[in-house]
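Copied over from TrEMBL:
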type     : residues  : note
TRANSMEM : 6-31      : transmembrane segment
TRANSMEM : 655-672   : transmembrane segment
TRANSMEM : 692-709   : transmembrane segment
TRANSMEM : 730-748   : transmembrane segment
TRANSMEM : 825-844   : transmembrane segment
TRANSMEM : 851-868   : transmembrane segment
TRANSMEM : 935-954   : transmembrane segment
TRANSMEM : 997-1015  : transmembrane segment
TRANSMEM : 1035-1053 : transmembrane segment
């Protein structure tokens, strides 16, 4: 078997897809251009009537305290005295409403609306720079890099204000060396509710007066939401603690100090955030000062909602520092007195003066940005400039004439500031159409080349040449190399060469053999595309341009799987293959040729197919019980199995869930071992058998114990707290070690063949022919087998010696060597590999997902048996499109059935802390664990994809393929050993299966890419289509790598089988 060639071809195909995805994403998800300029107190903003604009009056406040309570949604901050039975998150912060109502001139409580993405790093960036983070910034949330744009922290330092920080260590990475003093605490461990908050409280009240701005970022509320959700007693405790903190800080404030209590984002009903639903964007902001802060009680003119960007210019002008250069926020007017009510020249800015400075600063940024980038539409830019020119003329005329300004002027300035922000928000998605087009072209050509697999030498040479030429051209013309275009040139040139070679070979075949050859060599024809399996794929790809489909994809994919699976028996029945043909005595024998399969075999295979179809439909139906909910789905309720056991308050329900989970885990382990034992693969003494006998059950035991420990409430066994903490650390790590050891042993020694040699064989003379070789059908007490592989590898003799001696019949006809498990030598290690990997991936999921994983295993088995029975009834060796499409749909279907969704809030971040409850020092390991959790179904189905090639051969044990497949009537089937009879056919079938699987996932990525490109200005692009593109692309990358792992394992088994044959029969040629 040409294993290296198969692997090289697959690797090249994957690389081409990767380059196409990389180019498109690089053109689609570009960060907006950052203006790296800073404001200073000496800036003169145009039109300039005053000598300076910033820092020209005495600041209203000398000091400020910023208490940031992560995920403080507005619902947490409200207080309803009529609510006599509040939920855990209700009425737990009464200090905010009490103070706002009792001291209306000193305090206000507003909804504080964040711009998506609602992740902590982007929110910190938003309310310190006043800018609008773009979609792609979400990728930096857990690898925060320093903020280079002008920001409040930098401005405080520029004017000599000492900033002291304590809390979330994200601030340290965003503002390195910017603090006078800092006390950062690790923030990534969402299971830790107290370390950060308690660390802050140890220093908050005792800190010295060496500060002008104090920033404290509490994380307990956010972590409690992630771990338990908002509707949990732990949330009540956290909010009550925050209430006490706010009261204590208020009591310690001086008159020259401003207190700002705010949340950076909200949270969903499940405690997550990251998206743009109102529950995620609406936080709370509370403003207070011991000195009067507002002119009076709230009026009708006050805003209903405060955008987070508005905090930046407001704090800057109140504290006497320049507004950051790139801020597009507008001042919060109620904090500034109306014109004529200021306290003199050295006092405060009036509302109109603050708005005028704010408008000039925003106009300066707009002019600078539009001169550097050309992405703002010219008509919008011209309209904004004309509007500002008109407002400037009106304001300056009013000031020169000394007359009071009209009330409409302030309203017009506010409208101008809002228009600038809306325009920037609408246009800050800088697309690179050339990269997007190149990515689309490469992906499209990759799909056209799905079944073209000529040699590798010429495409590789052409790719290297094209890439080097482009690199040289860039060096000569630009002075630097842009790797993306070098990759694009290499990929496009090699893909076009492959396409041209395929077309040329097809033309040559037509010239030699006529139209028939053209049919054989071309697959991408209308007739081939209209087969039901590819029609289902095309329908799904077309539907990816619909936001409604993306939102309801989990259920639609389930329906598509059901429909396509139902097509198989209908198609077989249409062709007259599902039932035995009835004998018609009136027709001559010549008109009704004798069937290749006996009626009993047809009935048996049909019964198996229909039974497995029923199992598949049942699994599909039950899997719908494990889906999550998008916020667009309204009244949808997420599956209760998605909640970890630690969140459940009802002890009986918790016990029931635990019993179901452990039972599912036990059944998973039993079914795997039962299958391996059934085919005689548990009788040797190799590493794979050791893994199946010992490591697999031990891993299941570790997982069950880990669930029990994790479900234990923290205050249940106080005397055993240290032991429980140790178990939470040791059990999952032990499971990881067992998993790694098991996978390594499977790779090291993949054979599961038990050999029994007759002693008489060694006494035979050298003149006798080589011994026959078989895998016995009898029950062997010595091997303790339940069911032995029934086939004798009778053709081994012919492969060794074309001229078998006629005198061999005089010798004892009983084979000298018997091998058990040889018929499933390829599928057994692959099946065990998938089963072991499945338990490892289950470790990263909530306990309730064990039942979903069991359904996944049953669905995989049902699909394989349906394919095997269908192949037996219809014939053929290569894997057709229908089972491959079903297999890929199952990967997507179980992505949803394990609680995942193509949205960022649905990512199960808790997977990063399985085995690492104290958190991580880097980001690679937690990112890897979250990726394994998110794409578990993609991994399992991609690694197990070669099973579709093996399983029809495995099922020959029922004697269904005999004479038709083997060539001689009545000859025993040889199961997977048939693959070694024709290694070229084996290589071609494995390559075709893999490329078809890549094609299906590549087509889905291509459809998502097209949707994102065509709908890039659509209202839902950043909410639906862009996240879908990211998840599809990531799923393709994971699936490709997993498929390569599965194929590599098959090739590793093939090498081991070849060496085994050479040991058994030294003269073996392969």
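Placed from the backbone N, Cα and C atoms, the Cβ positions cover glycine too.
Just so you know, TrEMBL annotations never went through curation; they're auto-generated.
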In the same chain, who gets a Cβ under 8 Å from the transmembrane segment (825-844) while lying at least 6 residues past its ends? 665, 668-669, 672, 675-676, 679, 681, 688, 691-692, 695-696, 699-700, 703, 706, 732, 735-736, 739, 742-743, 746, 750-753, 850, 853, 856-857, 860, 908, 911, 914, 929, 932-933, 936, 939-940, 943-944, 946-947, 950-951, 954, 976-977, 979, 1046, 1049-1050, 1053-1054, 1057
Can you tell me which parts of the same chain pack against the transmembrane segment (655-672), counting only residues 6+ beyond its ends and a CB-CB cutoff under 8 A? 640-641, 645, 648, 692, 696-697, 700, 703-704, 707-708, 711, 831-832, 835, 838-839, 842, 847-848, 850-851, 853-854, 857, 861
Decide whether the stretches the transmembrane segment (851-868) and the transmembrane segment (730-748) have at least 3 CB pairs under 8 angstroms, with pairs required to be 6 or more apart in sequence. no
Result, the transmembrane segment (6-31) in contact with the transmembrane segment (935-954) (3+ CB pairs under 8 Å): no
Ranking 6-31, 692-709, 730-748, 997-1015 by the number of C-beta pairs under 8 Å to the transmembrane segment (1035-1053), which range is first? 6-31
I'd like to know if the transmembrane segment (692-709) touches the transmembrane segment (997-1015) in this structure, counting it as a touch only when three or more C-beta pairs sit under 8 Å and are separated by 6 or more positions. no
